[in-house]
Amino acid sequence: MGGKGVMMVAILCLWALSATSEAVTEAEPGLMMNFYKDTCPQAEDIVREQVKLLYKRHKNTAFSWLRNIFHDCAVESCDASLLLDSTRRELGEKEHDRSFGLRNFRYIEEIKEALERECPGVVSCSDILVLSAREGIEAVGGPYIPLKTGRRDGLKSRTDMLESYLPDHNESISVVLEKFKSIGIDTPGLVALLGSHSVGRTHCVKLVHRLYPEVDPSLNPDHVPHMLHKCPDSIPDPKAVQYVRNDRGTPMVLDNNYYRNILDNKGLLLVDHQLAHDKRTRPIVKKMAKDQAYFFKEFTRAIQILSENNPLTGSKGEIRKQCNLANKNH
C-alpha cells in the first residue's frame, strides 16, 4: 500500500473512533443506582422520611405504595401514568375497574411537594412511586430492595391497555402467568409478587361471587363464616368500605403466612386458590410457605424486574410539576 493509502486508512480510523466517541457521549443515561446523587442528593432520604411519617399517621398507606408499583409498572411502562387524573377526553387509569380500591394518591403529592422544596423540577413522579413502594414494603416487614432510579414521567394515561396487561382476579392461572411473562417475570417471580396479598384487604365486590348464591366448595369451611360476616350482601355497594383482611393472622406484616393460608384453602380470590393448586405454581407455593428467606429473595428480584419495565429515560417523557397532571395540563 502506498503512502497515500496508509494516510487514508489512518484518517478513516480516526474518523470512526471520533464518531464512536460522540455516540457514547450522546447516549442518553438509563436507570442507575443513586441517579440523583449530584442533582438531589437527599432525594431518597426525603422519600424514606415522608413514607415513615405517612405510615405512622395512616398504616394503610403502605399497602397503597405496594399496589401502586404493580398497577403502574405492569402496564407497558413504569412511567407514573397511573397517577394522572382523568381529562375530558381520557379516563385516567386509576378510574378503571381494574384499579378498584386504589387510593391514597394524595400522599404521593405530599412526597412530591417535599422534594420540590428541596430540588425543584428534578425528581420524577415515577421514581417517587417506585421508591415509596420500596419504603412501604420495608415498613410492613418486607425486605429492603435496592432499586435504580432515573425514570421520567409519561405524558398520557394508558387506560386502553389496562386489561391487556393487568390480570383480573377471575382469570385462569395460565393467563396470569402469560401476562407476567410478557414483562419478564417468571413463575417464581409471579408466585412471590402475589405474596403481597399477605397484607391489606380484599373488597367484598371482588369476592362475593365465591359466597353467593352458593359458597364455593373449594373454600375452607372454617373460614367461610368470617367471610360471610364481613360481606353480608350478595351485591355490595361499591362505595361502601366492606372488605376482608387478606391474612387474619398477620394482616399488617408482609410474610410467608399467605402461602400457608392458600394451601389451607383460605385464599380470598380465585387466583389465590389456583396459585396453591396448579401444578406449575404449587411446588413454589409450598417452598415459600416453609422458607420466608426464599420468598423474600424471589420477591426482591420480581420487584426489581417490575420497577425496570420499559422506563422512560434521558430526554423521553418529562418531569411533572404535579404528579396527577401532565405539564401541558398544568
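Keep in mind that glycine also has a Cβ here, set from the backbone N, Cα and C atoms.
The signal peptide annotation in Swiss-Prot covers 1-23. Feature annotation from Swiss-Prot assigns site 'Transition state stabilizer' to Arg67; the stated evidence is sequence analysis. The active site, proton acceptor annotation in Swiss-Prot covers His71. Taken from Swiss-Prot, the feature N-linked glycosylation site applies to Asn170.
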Give me the count of other Cβ atoms within 10 A of the Cβ belonging to the residue listed as 'active site, proton acceptor'. 21
Return only the integer: C-alpha distance in Å from the residue listed as 'N-linked glycosylation site' to His71 (active site, proton acceptor). 17
Select the most exposed residue of Arg67, Asn170, where exposure means the fewest other Cβ atoms within 10 Å, treating these as the recorded positions. Asn170
Local backbone state of Arg67 (site 'Transition state stabilizer'), from DSSP in three classes: helix
